[in-house]
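The block underneath contains the structure these notes are about, expressed in structure tokens.
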Amino acid sequence: MPRVYIGRLSYNVREKDIQRFFSGYGRLLEIDLKNGYGFVEFEDSRDADDAVYELNSKELCGERVIVEHARGPRRDRDGYSYGSRSGGGGYSSRRTSGRDKYGPPVRTEYRLIVENLSSRCSWQDLKDFMRQAGEVTYADAHKERTNEGVIEFRSYSDMKRALDKLDGTEINGRNIRLIEDKPRTSHRRSYSGSRSRSRSRRRSRSRSRRSSRSRSRSISKSRSRSRSRSKGRSRSRSKGRKSRSKSKSKPKSDRGSHSHSRSRSKDKYGKSRSRSRSRSPKENGKGDIKSKSRSRSQSRSHSPLPAPPSKARSMSPPPKRASRSRSRSRSRSRSSSRD
């Protein structure tokens, strides 16, 4: 059956006033009055079309009312129905308690926050009022805070229509304010368990992202540290190799041909032997120079040329032999002078 919505009704309006207002537009099957609005059901759809066309923006009890076709489904609740039980064909009141009989409410993402809501307005009144914009799936009033409610629609177009059309309208003497509750922006209130679950999921995701970021940062730091350590080690090794090559190159110039031939031979004790050899030729060189100069001045035949020694111990005897030759030559010279 065609239903017609009546908006901006006076709070003093009665069923008789509605009946007089729609008189001459066919037979009325049901009148459902709410706080500030109502619904009227016609027997014929053509009568409903004529009433919407003729009576929209007309005055009823001092108020300009809105008359248009109802968009939501018909509800057998909280209304005044026209029935045959009264016998005389009058209006009999029939009220039912609780939520509608269409099952549990369906939660959607197309949610509006209703602010400045009258304390006399229940969630049933809010849901019935919002049905003029589209199909309402969920409604709640004064649950988290007083004077605030929640309304959810089946589609985004219905929510947008309610936001554009019903924002600032009056319910029970108060002009309501509608605010779109976007799922991306975290609102300061949570009206359902699903929303709190989505928040916990977002928090867990953000924590996992932070932990993965910190892990990647620590891994990158450890990698950079290991790289810097490897670089320092390679540099120290290269410096040590350079210093070793320099130390090896210096004894070559002092040793001469013997040190060249000995340094080329590689064995396990090459380092210690090369050091002793590098020290011995220097001492040997000094002893050779002194012995050669002194033996040439005193006696050329008594100064034997020392062979290149293999160890540092063999370097001590040559200076002693030179001193013995000196003493012998001195004693001979003294005896000759005495004679």
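Note that Cβ sites are derived from N, Cα and C of the backbone, with glycine treated the same way.
Per-residue pLDDT, averaged over the domain 'RRM 1' (2-72), rounds to 89. Under the heading domain 'RRM 1', Swiss-Prot lists 2-72.
The phosphoserine annotation in Swiss-Prot covers Ser45 (among others) and rests on a large-scale study or a structure entry. All protein chains shown were included, and the count of other CB atoms within 10 Å of the CB of Ser45 (phosphoserine) stands at 12.
The phosphoserine annotation in Swiss-Prot covers Ser81 (among others).
Taken from Swiss-Prot, the feature phosphoserine covers Ser84 (among others), and the record attributes it to similarity to another entry.
Feature annotation from Swiss-Prot assigns domain 'RRM 2' to 110-183. In the domain 'RRM 2' (110-183), the DSSP tally of helix, strand and coil residues is 18 helix, 26 strand, 30 coil.
Residues or ranges marked as N6-acetyllysine in Swiss-Prot (evidence: similarity to another entry): Lys165.
According to Swiss-Prot, the SUMO2 cross-link annotation covers Lys182. Contacts of Lys182 (SUMO2 cross-link) defined by a Cβ separation under 8 A and a same-chain sequence distance of 6+ are given as none.
Positions annotated as phosphoserine by Swiss-Prot: Ser297 (among others).
Marked as phosphoserine by Swiss-Prot on the basis of similarity to another entry: Ser299 (among others).
What Swiss-Prot records for Ser303 (among others) is phosphoserine.
As annotated by Swiss-Prot, phosphoserine applies to Ser314 (among others).
As annotated by Swiss-Prot, phosphoserine applies to Ser316 (among others), with the evidence given as similarity to another entry.
The Cβ of Lys165 (N6-acetyllysine) has 15 neighbouring Cβ atoms from other residues within 10 Å, across all protein chains displayed. The domain 'RRM 1' (2-72): residue composition by secondary structure is 18 helix, 25 strand, 28 coil, according to DSSP.
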